Amino acid sequence: MVLMEGRLKITELMLLLLLLLIGCSASQIQASSENEPDAIFYEPFSESFEGRWIVSSKDEYKGVWKLSKSEGHDDYGLLVSEKARKYAVVKDLGKAVSLKDGTIVLQFEVRFQNGLECGGAYLKYLRPQEAGWKPEEFDNDSPYSIMFGPDKCGSTNKVHFIFKHKNPKSGEYVEHHLKDPPSVPSDKLSHVYTAILKPNNEVRILIDGEEKKKANFLSAKDFEPALIPAKTIPDPDDKKPEDWDERAKIPDPHAVKPDDWDEDAPMEIEDEDAVKPEGWLDDEPEEIDDPEATKPEDWDDEEDGVWEPTKTDNPKCSLAPGCGEWKKPMKINPAYKGKWSRPLIDNPSYKGIWKPQEIPNPSYFETEKPDFEAIAAIGIEIWTMQDGILFDNILIADDEKVAESYRLTTWKPKFENEKEKQKAEEEAAGLSDGLSGYQKKIFDLLYKIADIPFLDAYKPKIIDLIEKGEKQPNITIGIIVSIVVVLLTVVFKILFGGKKPKVTVPETDRPAAAETSNTQGSSEEKEDESEKEDAAAPPRRRPTRRET
């Protein structure tokens, strides 16, 4: 009996210990969930946005916003429903979000369901507005702290990151643009855009969770204009003296045209030593009536004129040195010198290129970190030629892991589903997996090439070529060749200063006098003149045999 009672006490004790362990575990789980960082703001558009998001009442914003499902999903988003419209809608956060303390992550999804040829899809993170401002008054002039997101139209193809910063000296707000931002994905899939602002002045731009750009807010290499202004600026009141001579070279005032310089000598003369080739058919025309040409049945001589058969090359001429009247060919005139002008000499009065003197910049300041304005509201204010743009899962967080978690749970499944659907469509169109994957790698590489800074002037052309290639996979090789040509053009201009290659004339054909001809004027001016002459000249006809 005593033994039984002892066993019961031991069992009760074990049960009590087990309950204590369960209780402790539950407390730890609850404490862990309570301490887990969460979103500062999150908008999934899972229910009607009306009343929560305020549509601008300004007359210019005619575009209609709709709550709509993403194509192929049950997930809803905020839809741009009409083409060629301006749109504006804003959400007041209630409590402003500070950008000065710790990490802040800005993230949202966009899907161009009908593609994007010309339009913006960025967000504006508004700073606190002036007293009396109403959300219905939201427009392009509403002050913002940060503008972030894709924009594509004409020469613009970038994921903007712009921040406005108040200069503490001048009191003016300056708009600072991220240099060399990444390009916008050109497909019709859902993409998630993330901007991570770190307390060490670093900002990272991610697309679909992959880092595309890293920059420092204080670096002049990363933002234009630089956050910290130059210490000195050109004096706006400094004027160039009237006697300041900026000409490095001047025509030699003592030069005299040589007595034997014939400006009227023609560039070409008839070759007196030429002899008509043996077998030349003087009586045969170069072209004859096409024997296969027939008069159209509906030809009316009264209305259409007398019908004449089309011409074709005379087959007899192909068996002879030439046909028709033979004339002596032209050759370069050895006496040709062209228009004489005074040679250039060093200008004894040259003082260099004038610049105003530098003075201290009254707007200069120093800082260890940007003085960001808080975010009081989120606005979408865009102009677009496309419909079908869907915004979703707008997030503000103070932890990168929170943003990553939302990407994995809200964006990733949709994206994978859309990729599978796209893959099935490609297979139905006869594209193999290997070819599709191979082409994707090529186009990804080409997009990276387009982002190279020294190709900025050619970026729109390169992006346009890439997008054509993505729409027509069968011309991939042609696209690569075209971009290689663009790259070679840029390299050539860098190496040779943008000058066109000169055609080398064989020494036997070059007149000796031309070598001693004066060389006044820049090569660019000469090229311009030659281009004008080429443009003014009539189209060249096909050379005949007698001219050879």
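From the backbone N, Cα and C atoms, a Cβ is placed for every residue, glycine too.
The disulfide partner of C118, as annotated in TrEMBL and taken from the candidates C24, C153, is C153. Distant neighbours of the compositional bias 'Acidic residues' (260-273): 328-333, 335-340; these residues of the same chain sit at least 6 beyond its ends, with a Cβ under 8 Å from one of its Cβ atoms. According to DSSP, the compositional bias 'Basic and acidic residues' (234-259) comprises 0 helix, 4 strand, 22 coil.
Away from its own ends, the compositional bias 'Basic and acidic residues' (234-259) comes close to residues 340-347, 349-359, 520 of its chain (Cβ-Cβ under 8 Å, at least six residues beyond either end).
Helix, strand and coil counts from DSSP across the compositional bias 'Acidic residues' (260-273) read 0 helix, 3 strand, 11 coil.
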